[in-house]
């Protein structure tokens, strides 16, 4: 039962929507029908199917007449260089949920990103793909680190400059007490020894906090103490005389200061600093040597561990031990329902129900739509999960979805089995009644229900069900249905009633050799030898085709060889010889 949407150029567009088939129905519509671009709004969550994948993005079918586009950066947060990977995880016809980003007069832009749709991402993390925002985060982290380093350097410079400035001011104050001439000489020599001091005109003044100003302008120049090349360049520049610069005094190496200046202490301090620095360098070198050895040992250990891990992973008999192991397995065989079911069972053993549900949903999205049986296996597993750990509402939601995406009859039958196995007999019987109304022309439904009733010891209900089945089903199916009901009676019900069913069928259809053969097999298992021999004697005296008679004589002979005596074997051979002679005599006449 379908609704015809259009009929153009010999192509008929159909719809199975309940809102189309039964407009008066007030049932809730899960996906509102989109007839045009005016039905799509920005920020809306819509469901549709993958139509195609091109170099410009993924084209998404919102309806029979409307397509939307998804740019690759909106398909997944991971950067994919080879677009053929999308074809694996977004096969044509895959049902997905997308968010509308923008709507123009002719175009609809969509997004499949998890933060937009609230649905797990399409590409698993196990692929190891880089994220789009990874480079920006690295740049921001590198920029922040650089800023911190610059701050630390400026702090050091300021601290060094302040300490040096304090030392030089103390020396300047002492020189001021000696006299202006000596102070000038000291400042010039300080300039020669330390390039941080210069005597320049027209610059910012830094003078000692004294009421009597000496008139000497002292300037501080900030240099990078860590950079040796800049210090050497500054020293060379200080030796070169520039125009407009004050003349500097050339002093011999043997020049000595007064005792008050304590100039002799400076080289001693420098020596101590140099010795301490050399000791630190030696310690660092020894530490480096140790860390290199340790690094080598650690590297070797890691390589050994990796080798062990690789060998374990290559072992075909190895059972998966973690979620990562299962991710690798399902990635290598994405259409194998057995692997997905094992993955679900792994989470259920740890009572992680939500994770098991998520695995099932991933499996339904990942398995190719052509693998109908594999998908059905996952649906049945999800129905079992909801029956055991969910509620009746969650089970019915999964059931309704499964009916939409699979053959409805198979889904109904599986749910009936789930109810019966979990001893929910009332729900199973209600579902069978629904099936008899919806699939009354299906022989398997009547047989399934008969088996259910016989297992519940409801033999009278089974007899009534056979009468209803013969009324509902076409006449050509009657013999087979009666035979199947009789077989079920032999297994779960009343054997005498089953014999009566076979006898009545064979009396009405004596040339149905398939029914005779089934009857023989059942009686060999459940009947007495006298009853079996009686059936064989009746069969070999029927007027059947020679090939069929030869088949039954052979079966009779094999039975007597196994359960009879030599006399009974000879009797069967005589009967076969008589049949051959009579047939040959008829042929001669």
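Using the three backbone atoms N, Cα and C, a Cβ is placed for every residue, glycine included.
TrEMBL assigns the feature region 'Disordered' to one of the listed ranges (270-301, 302-333, 334-365, 366-397), namely 270-301. Annotated by TrEMBL as region 'Disordered', the relevant range among 102-133, 134-165, 166-197, 422-453 is 134-165. Range annotated as region 'Disordered' by TrEMBL, chosen from 201-245, 471-515: 201-245. In the domain 'S1 motif' (43-113), the DSSP tally of helix, strand and coil residues is 9 helix, 33 strand, 29 coil.
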